[in-house]
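Accompanying notes for the structure given below.
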Amino acid sequence: MIQRQPRSALQRIAIVLAVVIQIGATFLPQLGFGEPIGDRSDSVRTLITPAGWAFAIWGPLFFGSAVYAIWQALSAQRHNTLLAKIGWSSAVALSMQGVWAIYTQFANLTFISALIILVSLIALLAIMRTLVAAERPFSAAERIIVAITFSALAAWLTAASIVNITASLVYHGVGGEAAFPMIAAGIVLVGGVFAALAVARSRGNPWYALVFCWALLAIYFRDGQESGAIAASAVVSGVLVLGSALIALRHKAHRYHWLG
C-alpha cells in the first residue's frame, strides 16, 4: 500500500538517533560514567528480580532495534504506511529505554526510573495496537523486523516495568530483600493476568507470549527457589499467557497475521 506523502526525513533520523541513545547509553559505565545497571539492580534486589541470564535477551533486542533503525531509514521505506503509523511511537519507545539506562546508572532504580520505563512501555503498547489492527498482510521484512522486534520489546518491558516498580518501592524503603513473599507472588500473578489479556487481545501474539514467559522462567529459577508462592504464581502466569496464545492462534487468520 502506498501513501501519497512520504515519511519525513525528521522521523527517520529521529528513529536512528533513538537507537543510538538506546544502545549507546549502556556503555557509559565502561567509559567511567555511572554504575552498571546490574549493580544497581543488586542494590535493591526484590523477590521478583529475574535471574541474571535472562537479561541476555537485550542482545537480540538491541540487534533487532538496530536493524529496524537502518531498514526504516532506507529510501525504499519512505512510503511505508506501517512505518508512518508507528514511527514516532518507536522513536519515543527506543529513546526512553536509553534515557532509563542513563538515569538508572547515575541515580538507581527510583520512582523516576519507573516512570521513564512506563513511558517506553506505553509507546510500545501503542505500536502493538497498530500491529494488531493492521488490515493488510505484513511483508516478510515487516513481520521479522517490526512485528517480532516490537512484540518482544513490549513483552520484556512489561515484565521490566513490574520489576522496576517493585525495586523502586524497595529503594524508597517499602519492603525489603526478603519481605512480603505473598505480595511479590501476587504481583507476579497480576502481571501474568495482564500479559495473558494482552496476548488474547492481540490475536494471540506468539512473540509477546514467548518473551514474557522467558521473564517468568527467570523469576521461577531465581526467586521461585526461595518462595513456593512465587514459584506457583510464575507457573500459573506462564500457563495463562501460553494458553491465551494457543487459544487465539487456533484461528487461521491469527496465525497468518503473525507467522505468515
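Glycine is no exception: its Cβ is also placed from the backbone N, Cα and C atoms.
Caution: TrEMBL annotation is automatic and unverified by curators.
Fair warning: this is a prediction, and the values are worked out from it, not measured in the lab.
The transmembrane segment annotation in TrEMBL covers 12-31 (among others).
Taken from TrEMBL, the feature transmembrane segment applies to 51-70 (among others). The list of residues near the transmembrane segment (51-70) in space but at least 6 beyond its ends in sequence, with Cβ under 8 angstroms from a Cβ of it, reads 15-16, 18-19, 22-23, 26, 38, 90, 94, 145-146, 148-149, 152-153, 156, 211, 214-215, 217-219, 221-222.
Listed as Cβ neighbours of the transmembrane segment (82-103) (distance under 8 Å, sequence separation of 6 or more from its ends, same chain) are residues 3, 7, 11-12, 14-15, 17-26, 28, 34, 37, 65, 68-69, 72, 112-113, 116-117, 119-121, 123-124, 126-127, 130-131, 134, 138, 142, 146, 150, 153, 157. The feature transmembrane segment is assigned by TrEMBL to 82-103 (among others).
Residues or ranges marked as transmembrane segment in TrEMBL: 109-132 (among others).
If you look at the transmembrane segment (144-167), the same-chain residues 6 or more away from its ends with a CB under 8 A from one of its CBs are 41, 44-46, 48-50, 57, 60-61, 64-65, 67-68, 71, 82-83, 86, 90, 93, 97, 109, 113-114, 117-118, 120-121, 124-125, 127-128, 131, 138, 175, 184, 187-188, 191, 194-195, 198, 205, 207-212, 214-216, 258. Per TrEMBL, the feature transmembrane segment maps to 144-167 (among others).
Counting same-chain residues at least six beyond the ends of the transmembrane segment (179-199), those with a Cβ under 8 angstroms from any Cβ of the stretch are 46-48, 125, 128, 155, 158-159, 162, 166, 205, 208-209, 212, 216, 219, 223, 226-227, 229-230, 232-234, 236-238, 240-241, 243-245, 248. Taken from TrEMBL, the feature transmembrane segment applies to 179-199 (among others).
As annotated by TrEMBL, transmembrane segment applies to 206-222 (among others).
Packing against the transmembrane segment (228-249) from elsewhere in the chain are residues 47-48, 181-182, 184-186, 188-189, 191-193, 195-197, 199-200, 202-206, 209, 212-213, 216-217, 219-220, 255, 258: each is 6 or more residues past its ends and has a CB under 8 Å from a CB in it. Taken from TrEMBL, the feature transmembrane segment covers 228-249 (among others).
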Folded-back contacts onto the transmembrane segment (206-222), same chain, C-beta under 8 angstroms, at least six residues removed: 48-51, 53-54, 57, 128, 147-148, 151-152, 154-156, 158-160, 188, 192, 195, 198-199, 230-231, 234-235, 237-238, 241-242, 244-245, 249, 258-259
Same-chain residues near the transmembrane segment (12-31), Cβ under 8 Å, at least 6 residues beyond its ends: 37, 58, 62, 65-66, 68-70, 72-73, 78, 87-88, 90-95, 97-99, 101-102, 105
Distant-in-sequence neighbours of the transmembrane segment (109-132), which means Cβ under 8 A and at least six residues beyond its ends: 40-41, 44, 82, 85-86, 89-90, 92-94, 96-97, 99-100, 103, 146-147, 150-151, 153-154, 157-158, 160-161, 164-165, 167-168, 171-172, 198, 201-203, 205, 208
